[in-house]
Amino acid sequence: MKRCPWLLAMSLVVSLVVGSPSVRAEGNGQEDFDEAMRVKVTAEDMGDLNKVVELLESAIQKGLDVENNDFAEEMLVETLMQRAAQLSAVIQSAPGRRLADDDLQKVVNQATTDLQRAIEYDSAPPQAKVLLAQLLTLPGGDPKEALKLLNEVFEDERLDAMPPKMQAESLIMRAKLLAESDPEKAQADFAAAIELDGKNPEHLLARADFYSRQKKYDEAVADIDAVIELHPEVAGSYLVKATLLREQEKFDDALAALDKAAEIAPNSAGIIQQRGELYRAKGDFPKAIEQFTQVIEAHPGLMLPVIHRAEAYLNDKQYDKALADIETFMKENPEYPAAHGLKAQTLASLERFPEAIEELKKLTEDEEAQPEFQLQLALYYLFANQPREAIAAYSELLEQDDDNFAALRGRADAYLNIGEHAKAVADFKKALEVQPEESGLLNNYAWVLATSPDDDVRDGKLAVELATKACEETDNKESHILSTLAAAYAETGDFDKATEWSKKAIETFESQREAAVKAGNQEKVDELSKELAAELATFEAKKPWRERQTAEEKKPATDEKPAEDEKK
C-alpha cells in the first residue's frame with residue numbers, strides 16, 4: 001500500500017497536539033525525527049528547510065526503527081528536492097551572463113549536491129533526475145551525465161506518474177543533448193514532446209531551431225507557423241520566420257514576414273534593421289540603404305546599422321559615403337577587425353591601394369589575424385603591382401596551411417607576374433589537388449603549360465586535358481578559356497584544332513562584346529580583340545603561341561592598378 005508521507009506527517013503532528021499516546025520506536029534518532037516533522041510542517045523559508053535536512057540526517061544516523069527510517073528517507077528526499085527546486089528558481093531567474101559568477105555557482109553547486117544526494121535513495125522519484133539533468137546542462141555542467149540521467153528517467157517504471165508537461169520538457173532536454181550525436185533520435189524526442197504538450201510554443205521553437213541547424217528550413221518554418229497560429233500577436237515569431245526564409249534565399253517571402261511583424265510593432269528598430277539586411281542580401285542596395293538610414297535616424301547611438309549601411313554604400317559604388325560611415329563606426333569601435341577590412345575594401349575600390357594595404361597591415365600584424373585578411377592583403381599587393389610582396393604574403397599563409405587553395409592559386413598567379421613559370425606550375429599543381437574542378441585554375445595552369453617559353457615547363461598533352469575540362473566547366477561560354485584550349489592544341493602540333501578553337505573563341509567574344517562595352521570596358525575589349533586575332537593568325541601560320549607576362553613592378557608607395565592576374 002502506498003504511503004502518503006505528508007498526510008502521515010500531518011497525522012503525527014496532530015496526534016502530538018491533541019495529546020494522543022505516541023508510540024515511540026526504539027532508536028536514538030526518534031527525537032530528531034519528531035522535531036524534523038514539526039519544523040517541516042511549519043517551514044516558511046530556506047532556513048527551515050536546512051534545519052529539516054539537518055534533523056533528518058541526524059535522525060537516520062542515530063537510528064530509527066524500520067518503518068520510521070523508511071519514512072525519514074522519503075521525507076529527506078522530498079526536502080532535498082524542495083530545497084533544490086527553490087535554488088533552481090534562483091538560478092533560472094538570473095541573467096545568463098551571471099551564470100559564471102562565484103555566488104551563483106555556489107547556488108548551482110548546492111542544488112546539484114542536494115539532488116545527487118536525493119537520487120542515492122531508492123525512494124527518489126524520476127523528477128529528481130530531471131531536475132539534476134537540468135542543472136548539469138548549464139554552462140560548466142556535465143551534459144554526458146545529464147543524458148545518462150534522462151535515459152534512466154525514461155526507463156523508470158514510474159514514468160507514467162510524472163506529469164505530461166514534465167515528460168515533454170524532459171524529452172526536449174534529451175533531444176537537445178542528442179541533436180549533434182544522434183539527430184534521428186533527437187527528432188523522435190522532439191516529436192514525442194510535442195505530442196505530449198503541443199500547445200507549448202517553447203517546444204515548437206526548440207524543434208524549429210533543431211531543424212534550422214540541420215538545414216531543414218521548410219520543417220523549421222512549419223514549426224514557426226504553428227507558433228504563430230498559437231500566438232499571432234508575437235512579432236518575434238515573424239522575425240524568426242524571416243530569418244529562416246532568408247537562409248533559403250526566399251527574400252520576398254521573408255520581407256512579407258517582416259511586414260507582418262511591422263504591423264504588430266511598427267516602430268521596432270529590429271524589424272527595420274532586418275528588412276535592410278534582407279534588401280542587402282537580395283542585392284537591392286538602395287532600399288537597404290533606405291532601411292538602415294531609418295534606423296540610424298531613429299536611434300543615432302546604434303552602430304550596427306551604420307556599418308551595414310557602409311557595406312551597402314560600398315556595393316552601390318557610393319565609396320565616399322561608405323568611407324564616411326566606416327569612420328563613424330570606427331570612432332566608437334576602433335578595434336573592430338571587420339570595419340578595418342571593409343575600409344580597406346572601400347579604399348581598394350577607389351584604387352587607393354597603398355592606403356588599403358596599410359589598413360590591412362594593422363590587422364595582419366596580429367598573430368591571431370584571420371586568414372581572409374592576409375589573402376585580401378596579398379590581393380591588394382597584386383593590384384598595386386607589387387607581386388613579390390604578394391608572394392611573401394601568400395607564403396606566410398601557406399606556412400600555416402599548405403593546402404590553402406586561395407593562397408596557392410594566388411601565389412601561382414603572382415609568380416606568373418614575375419615570369420617564374422616553374423614555380424607557378426608547382427603551385428598550380430598543388431592547388432589542383434585541393435580543388436580539381438575550379439575553372440580559373442584549370443585555365444591558368446593550362447595556359448602556362450601551353451605557352452611558356454621554358455621548354456621544361458611546357459606540356460601540351462596535359463594542357464589540352466586541363467583546358468578541355470575548363471571549357472566543360474564553363475559550358476564553352478568563356479572566350480579566354482576557349483583560346484587557352486586553342487593554344488594547348490597548338491603546343492601539341494594540332495594546328496587544325498588550334499585554329500578551330502581559336503575561331504570559336506573569337507565568335508564567343510564577339511557575341512559578348514556589346515555587353516562588355518556597356519559595362520565600361522571599351523579599352524579592355526579592344527585589347528582582347530587584338531590579342532585573339534593575333535593568336536588565330538599565329539595558329540594559321542602553324543606556329544605555337546609563346547608568352548611570358550611580366551608586370552611592371554612598383555615600389556610599395558605606388559597606387560597604380562596592375563593588369564588582371566588571370567590570363568586575359
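For all residues, glycine too, the Cβ spot is worked out from N, Cα and C.
Automatic prediction, not curation, is the source of TrEMBL annotations.
Over in TrEMBL, the protein carries these features:
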{"type": "SIGNAL", "residues": "1-25", "note": "signal peptide"}
{"type": "REPEAT", "residues": "201-234", "note": "repeat 'TPR'"}
{"type": "REPEAT", "residues": "235-268", "note": "repeat 'TPR'"}
{"type": "REPEAT", "residues": "269-302", "note": "repeat 'TPR'"}
{"type": "REPEAT", "residues": "405-438", "note": "repeat 'TPR'"}
{"type": "REPEAT", "residues": "479-512", "note": "repeat 'TPR'"}
{"type": "REGION", "residues": "539-568", "note": "region 'Disordered'"}
{"type": "COMPBIAS", "residues": "540-568", "note": "compositional bias 'Basic and acidic residues'"}
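Applying DSSP to the repeat 'TPR' (235-268) sorts its residues as follows: 27 helix, 0 strand, 7 coil. Within the repeat 'TPR' (405-438), the DSSP-based counts of helix, strand and coil residues read 27 helix, 1 strand, 6 coil.
The DSSP breakdown of the repeat 'TPR' (479-512), given as helix, strand and coil counts, is 32 helix, 0 strand, 2 coil. Secondary structure of the repeat 'TPR' (201-234), assigned with DSSP and counted as helix (H, G, I), strand (E, B) and coil, comes to 27 helix, 0 strand, 7 coil.
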